[in-house]
């Protein structure tokens, strides 16, 4: 029975950890949460796009 509980806990940890990697930056709050900045033009040379802020035209940029 202890093994059953251990496997259940491991399954929960694997599923909960995987859900964080599938989230996409789509609004200003999640952009700031991911250490990004909303820039109304394309990202500068020292930054890369990690998502969008207000639709497809405003990128969320973060430093490399």
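Cβ atoms here come from the backbone N, Cα and C positions, even for glycine.
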From 23, 29, name the one Swiss-Prot lists as pyrrolidone carboxylic acid.
-> 23
Starting from each candidate's C-beta and looking 10 angstroms out, tell me which of the disulfide-bonded residues 38, 43, 53 has the most other C-beta atoms.
-> 53
Rounded to an integer, what is the Cα-Cα distance in Å between residue 31 (disulfide bond) and residue 38 (disulfide bond)?
-> 7
